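**Q** Heads up, here are the entries from TrEMBL:
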- 31-370: domain 'Orn/DAP/Arg decarboxylase 2 C-terminal' (DOMAIN)
- 36-282: domain 'Orn/DAP/Arg decarboxylase 2 N-terminal' (DOMAIN)
- Lys61: N6-(pyridoxal phosphate)lysine (MOD_RES)
- Gly240, Glu275, Pro276, Gly277, Arg278, Tyr372: pyridoxal 5'-phosphate binding site (BINDING)
- Arg278, Arg314, Tyr318, Glu345, Tyr372: substrate binding site (BINDING)
- Cys344: active site, proton donor (ACT_SITE)
Amino acid sequence: MDYFNYQQDGQLWAEDIQLTELAERFGTPLYVYSRATLERHWHAFDQAVANHPHLICYAVKANSNLGVLNVLARLGSGFDIVSGGELERVVAAGGDPAKVVFSGVGKTAAEMRRALELGIKCFNVESEPELERLNQVAGEMGKVAPVSLRINPDVDAQTHPYISTGLRDNKFGIAFDRAPDVYRFAHGLPNLKITGMDCHIGSQLTAIDPFIDATDRLLALIDTLKAEGIEIDHLDVGGGLGVTYSDERPPEPSDYAKALLARLTDHGELELIFEPGRAIAANAGVMLTRVEYLKHTEHKNFAIVDAAMNDMIRPTLYQAWQEIVAVDPREGEAKTYDFVGPICETGDFIGKDRELCLAPGDLLAVRSAGAYGFVMSSNYNTRVRAAEIMVDGSQAHVVREREELAQLWQSEHLLPE
Ligand code: LLP
């Protein structure tokens, strides 16, 4: 559930502010987030596992705006990061490094050093060479690095191939069959301390079964290791819980947690870590865009809007379906439109074959835009990136200013005379 609703005036609001007003004040394209929605989604996870030791580590990649991270940090959230850059963002936003887990297949020595200096909770390691490098860096610093191994449980997450990560032929994680050997290897390295086990099988999952299958496999592995004297303190089940873009009915965090906890009855002490990104941020944001032109051809009606694939690339990249609604719907005959941007690519579309009644200048909201929206935007076609606004009740805070054109080439140089 989110706080973007049509009110009695017939218009779409964000909490206690008309979106029309925000578009007039800050221009379009514009990302608008709802603080109450972010908090509600975070609490849904936190409360779902309230009776079990746990940590919610929000996946920063989904939306790394400092304002968003700050809202979550104030709730006491942990963070799942995949780069030194994300680590610095967490720190800048007031997050606690001791609640940070560091995922990703390509951590550099410098990133490891900085994370050790700040004292993060755990490195989610994905390969033996990475274990060796981490052991060396920690040794040079006179530290012991807390380590979890990302296990690839080889389960089919039944999601889009680009965002499915738990199958054998993905680049991620350590093959299930090799896991005991790699744990033994890590156990023998003097500057590492094994603390956990993790997995992440994919994103936008709409069924519980793949999560449970993966958990069962990991729990069996944890028992095998225990028999050898290798103790695992926490199980990190990754992110991946899906959201409703159109008619998907993903499980609620409470149902997901209930099913997981039922499997953990013999592992009461095992701390559970979740790395939700989309489930917290997606429906806590919309992207506002205005209709520039309506173009009717023999075969199609196009609504040419002022947002493009550089602002929101999910439809182009994954054929993802994002709901497009009128902020102030007008009466009249609806037509079927393709919503396209000004970029010179055929793939530049936000949505296809949508029925709406439109006129030039109309304001539209692209829903579920809070995750993998702004963060994946670019300056392609020398377009400035949008501003981002955080709504909090009747207040609107600019959490990122719209870029200025000159900023786009300020670090570029002409050749010498
Ligand atoms: N943990 C790890 C290790 C991950 O790789 C990811 C996402 C997450 C957590 C968070 O997953 P979530 O809860 O958000 O599903 N750009 C794509 C999604 C890529 C997800 C990559 N990994 C999209 O727009 O659909």
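Easy rule for this one: first residue shown is 1, then count along the chain.
Just so you know, glycine gets a Cβ as well, placed from its N, Cα and C.
For each listed feature, how buried is it and what is near it?
**A** Per-residue confidence over the domain 'Orn/DAP/Arg decarboxylase 2 N-terminal' (36-282) averages 95 (mean pLDDT, predicted model).
Around Lys61 (N6-(pyridoxal phosphate)lysine), the C-beta neighbours below 8 angstroms that are at least 6 residues distant in the chain are Val82, Glu86, Gly277, Tyr372, Val375.
There are 20 other CB atoms within 10 A of the CB of Arg314 (substrate binding site), with all protein chains counted.
Around Cys344 (active site, proton donor), taking its Cβ as the centre, 9 other Cβ atoms fall within 10 Å, counting all chains.
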**Q** In the structure shown, which of the binding-site residues Glu275, Glu345 has the fewest Cβ neighbours within 10 Å?
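**A** Per-residue Cβ counts within 10 Å for the binding-site residues Glu275, Glu345 bottom out at Glu345.
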**Q** Which one of the binding-site residues (Tyr318, Tyr372) has its C-beta surrounded by the most other C-beta atoms within 10 angstroms?
**A** Tyr372
**Q** Provide the number of Cβ atoms within 10 Å of the Cβ of Arg278 (pyridoxal 5'-phosphate binding site), excluding the reference atom itself.
**A** 27
**Q** Measuring Cα to Cα, how many Å separate Pro276 (pyridoxal 5'-phosphate binding site) from Arg314 (substrate binding site)?
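**A** Taking the Cα atoms only, Pro276 (pyridoxal 5'-phosphate binding site) lies 18 Å from Arg314 (substrate binding site).
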